[in-house]
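What Swiss-Prot says about this protein:
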type	residues	note
ACT_SITE	64	active site, proton acceptor
BINDING	13, 14, 15, 60, 85, 100, 211	shikimate binding site
BINDING	76, 124, 125, 126, 127, 128, 148, 149, 150, 151, 152, 153, 209, 232	NADP(+) binding site
């Protein structure tokens with residue numbers, strides 16, 4: 001079977017390394033490549049994919065929303081998130097999914113087993129936040145709060161959860177067991193701080209969905225305060241495993257995928 005990841009730029013993507021490690025571990029001869037498709041060429045997506053004879057693909061920035069009009073069917077989770085990151089090609093039909101939310105929550109559950117009883121704060125209200133919020137709401141809806149700079153961003157959310165400003169989030173930070181940053185603040189080359197951690201409880205797990213850098217500024221600050229921290233590496237691995245399951249109906253080798261990504265990040 002043939003798979004790919006599509007984005008622009010895409011040369012930095014660790015998806016090929018991760019998926020190939022999984023294929024090797026499972027004894028599969030499947031292939032996975034990175035395809036750079038600029039925005040101005042995206043209208044050719046059907047033609048490009050057809051020539052590659054792909055069975056499915058991942059789609060990343062900046063095309064997660066742009067792909068939707070080209071799909072024959074969109075899964076409920078992707079509709080809720082307003083974005084697609086996985087496409088299955090079956091009987092010439094393109095079916096879109098979003099595995100980011102379930103990928104993050106599966107990873108979080110592995111390090112925080114008592115998720116159902118946690119009070120959780122999500123920082124940011126973009127596509128990633130939306131997907132994660134919809135998945136977390138299955139566990140902790142009454143205890144889930146999302147904070148954003150502007151409240152207008154929530155107008156498209158069809159989810160009845162607590163919504164507050166970032167200023168209020170800073171004020172009530174001590175009340176949360178888990179704080180999740182879903183904003184681009186802290187990504188490689190971006191040292192912006194999304195929120196002041198002055199009131200962060202020492203028992204709070206501080207999380208960021210970014211994994212490059214391995215520790216974002218907000219995670220470093222929380223760690224200096226003595227908090228446990230959790231980056232986006234597991235989310236990346238688990239969302240990839242969920243994509244593989246959609247394409248093949250097989251379980252992925254999580255350990256081989258995570259090891260391959262860690263080795264790449266360490267330059268091994």
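From the backbone N, Cα and C atoms, a Cβ is placed for every residue, glycine too.
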Cβ neighbour count within 10 Å of residue 125 (NADP(+) binding site): 24
C-beta crowding around residue 15 (shikimate binding site), within 10 angstroms: 25
Among 14, 152, the most crowded of the binding-site residues [Cβ within 10 Å]: 14
Position of peak Cβ density within 10 Å, selected from the binding-site residues 60, 85, 150: 85
Most crowded position, judged by CB atoms within 10 A, among 76, 100 as binding-site residues: 100
Spatial neighbours of residue 64 (active site, proton acceptor) among the binding-site residues 13, 14, 85 [C-alpha, 10 Å]: 85
When distances run from the Cα of residue 85 (shikimate binding site) to each of the binding-site residues 76, 125, 127, 148, the nearest one: 127
Nonlocal neighbours by CB distance (under 8 Å) for residue 211 (shikimate binding site), same chain, sequence gap 6 or more: 231, 232, 233, 235, 236, 265
Largest tally of Cβ atoms lying within 10 Å of a Cβ, found at which of the binding-site residues 13, 148: 148
Local backbone state of residue 100 (shikimate binding site), from DSSP in three classes: helix
Residue among binding-site residues 127, 148, 150, 209 with Cα closest to the Cα of residue 13 (shikimate binding site): 209
Candidate binding-site residues 76, 127, 148, 150, 152, pick with smallest Cα gap to residue 15 (shikimate binding site): 127
Among the shikimate-binding set 13, 14, 15, 60, 85, 100, 211, as the record gives it, the longest Cα-Cα distance in Å: 17
Around the Cβ of residue 127 (NADP(+) binding site), the count of other Cβ atoms that are within 10 Å: 19
